[in-house]
Amino acid sequence: MNKIFAKGHRLRNRDRFIPYWLASIVGVPFLLVFVGLCYGLYFTLMGQWVVMGGIATVVLLIFVFIVYKLYVKALVKIPFFLHRYREFLLWRFMFQNAFYFTKQVKSSNGTRTKTKFPKVYLKQEKYALSVSFQLEGIKFQDRFLKIGGELETMFSADMMGNTDEKAFITYHYAIDSIRSRISAKEVQATIEQGVKLSETDVWDFVHDPHLLVAGGIGGGKTVFLRSLLVGLLRLGRVEILDPKQADFVSLEKLPVLKGRVTWETEEMGQRLIDINSKMDKRYELMRQRSEERGEEELGAFYKYDCDPVFVLIDEFPSLVSALEDLPMNSSVNYMMVMSALKQIILKGRQAGFYVIISTQNVKADDLPSTFKDNLMLRITLGRVSSFTYDTLFGEENRNKQFKYIEKIGAERIFGRGYYGVFGRPAKEFYAPLLPDSKDFNFYNDFKALERKEEEEGQQKVSVEKRYKQSELLALLSVPRSTIKKIEELLKDNQYQLTGNGYSKQELELFRKILSQRDETGQTLRDVVSEIVSTVV
Ligand SMILES: Nc1ncnc2c1ncn2[C@@H]1O[C@H](COP(=O)(O)OP(=O)(O)OP(=O)(O)O)[C@@H](O)[C@H]1O
């Protein structure tokens with residue numbers, strides 16, 4: 001059953017009637033009321049045909065107007081109507097582009113032309129739709145291989161790629177981003193899943209480290225960055241650099257951010273240098289913990305009980321120009337600071353150090369290319385220049401139509417833009433919605449949060465060293481068969497080894513057994529049974 005519906009609705013020529021029957025669904029109740037009304041009028045105004053005709057015409061016009069308005073609203077608001085209407089749009093597109101075959105068929109009144117469409121399927125889900133086109137050498141095959149962009153415009157959707165299956169090509173689209181919008185209160189961050197930015201968009205910072213946000217004036221950058229903090233402050237440590245001394249300075253008073261918001265140029269520079277050294281220290285700590293566990297390879301920060309650290313730099317170009325203007329005798333200089341930031345960006349992923357850079361429009365020399373190539377998630381908000389779109393979303397999205405939408409109906413839209421991971425298709429994005437100020441305010445939300453301390457201040461988790469079998473063999477200088485024999489004897493004597501390597505205590509037990517055997521000349525069986533009876 002699932003297989004039959006896997007590709008979705010199959011396009012048929014009868015889809016041309018969809019608007020008519022959708023309109024009928026809305027219109028029939030009104031029609032019934034109208035008929036009832038005429039019936040009533042007929043009996044009450046018997047013979048006064050002009051009055052009756054006048055009333056009926058006015059009522060009819062009002063009903064037609066109401067039906068039209070309800071129909072248009074239903075197409076936007078009711079998923080059933082919207083889905084059917086998209087099926088009609090696809091039919092119209094195929095029809096107008098003459099993507100159909102015709103056949104003469106015999107009928108009772110001679111011959112008639114029958115229209116038949118190739119196999120085309122439309123599958124609609126809550127936030128995604130896909131359209132599959134038959135290939136198999138049919139005459140439209142070449143067009144179908146390039147049709148994705150046209151459908152993107154037609155469905156007001158964002159093409160997210162295509163898949164080739166046997167005999168079909170399927171285009172995938174993201175739709176209805178506005179419906180996936182969440183409230184700023186709902187932004188959550190976890191290491192496993194990332195930061196939830198909407199029902200469909202999650203910043204998986206562990207795999208796509210660092211974030212670049214570009215926004216036009218009043219586009220909603222500050223609200224977005226503060227919404228991010230709702231999740232980030234609960235998960236890890238956050239350091240904020242606010243060179244414009246604008247939107248984040250006041251947060252310094254909060255316990256969770258005390259001493260972690262800087263705005264003086266030298267202090268900001270020094271902070272980045274310090275963060276870079278803290279990252280190096282963390283690598284040392286991780287290596288030490290990794291060695292204690294006998295791991296062959298160093299894992300990611302979260303395996304060693306470390307919290308992520310997020311470094312938020314608001315209005316990055318302001319920081320750069322302030323650093324460039326520092327006098328010669330300053331304690332830091334542009335080169336030192338940029339090199340520290342570069343290190344954090346390049347090496348931060350494994351250690352759990354992530355940079356969030358915000359800027360207005362990106363200009364040619366705003367961002368060094370090392371930064372651009374390594375800030376994996378990019379988001380724009382509000383009105384930005386085409387150069388900004390090009391820089392952020394790159395070659396992959398060169399043909400995409402980026403739009404600025406100021407209003408939907410009479411409602412002004414805030415926090416709308418685009419979202420894309422480097423090298424992948426960008427899509428429309430709605431930043432978390434700022435809740436009503438009576439309900440929620442960032443300052444109060446952050447006020448109650450627990451402060452995450454640095455690992456130097458945390459109690460080190462002691463990890464017991466475990467020995468691999470090869471290490472055990474080398475330390476005891478015995479063959480594998482001897483160890484195996486001892487293990488069997490221990491088992492016979494109900495002594496349980498912990499497994500997954502050997503603990504220090506187990507190493508000592510093996511050592512004791514072997515030395516007693518060598519000293520007394522007893523068999524292993526006797527030694528093991530004697531020692532186990534004293535240990536247990
Ligand atoms: N996500 C949102 N939800 C609801 N309203 C928003 C949202 N984002 C922005 N706004 C509205 O737009 C106003 C301006 O937003 P914001 O201060 O975030 O813009 P900005 O991009 O930081 O501007 P600037 O660059 O000038 O500082 C906010 O005060 C708020 O009223």
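The count begins at 1 with the first shown residue.
Cβ coordinates are placed from backbone N, Cα and C, and glycine is handled just like the others.
Remember, TrEMBL labels are computer predictions, not curated facts.
Per TrEMBL, the features are:
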type     : residues                                                       : note
BINDING  : Gly215, Gly216, Ile217, Gly218, Gly219, Gly220, Lys221, Thr222 : ATP binding site
DOMAIN   : 198-390                                                        : domain 'FtsK'
TRANSMEM : 20-43                                                          : transmembrane segment
TRANSMEM : 49-71                                                          : transmembrane segment
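Shown on the structure are the features that TrEMBL records.
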residue	record	Cβ contacts under 8 Å, 6 or more apart
Gly215	ATP binding site	Lys221, Phe224, Ser358, Gln360, Thr380, Leu381, Gly382, Val384, Gly417
Gly216	ATP binding site	Gln360, Asn361, Leu381, Gly382, Arg383, Val384
Ile217	ATP binding site	Gln360, Gly382
Gly218	ATP binding site	Gly382
Gly219	ATP binding site	Thr380, Leu381, Gly382, Arg383, Val384, Phe414, Gly415, Gly417
Gly220	ATP binding site	Leu381, Gly382, Phe414, Gly415, Arg416, Gly417, Ala431
Thr222	ATP binding site	Ala246, Asp247, Asp314
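In the predicted structure, the domain 'FtsK' (198-390) carries a mean pLDDT of 93.
Tertiary proximity for the transmembrane segment (49-71) is limited to same-chain residues at least six positions away from its ends with a CB under 8 Å from its CB atoms, namely 22-23, 26-27, 30-31, 33-34, 37-38, 41-42.
Closeness to ligand 1 is met by Gly218, Gly219, these being the binding-site residues among Gly216, Gly218, Gly219 whose Cβ falls under 6 Å from the molecule. Surrounding the centroid of the Cβ atoms of Gly215, Gly216, Ile217, Gly218, Gly219, Gly220, Lys221, Thr222, where the record places ATP, the chain contributes additional residues within 8 Å, namely Gln360, Leu381, Gly382. The secondary structure of Gly215 (ATP binding site), as reduced to three states from DSSP, is extended strand. Its Cβ placed at the centre, Lys221 (ATP binding site) has 26 other Cβ atoms within 10 Å.
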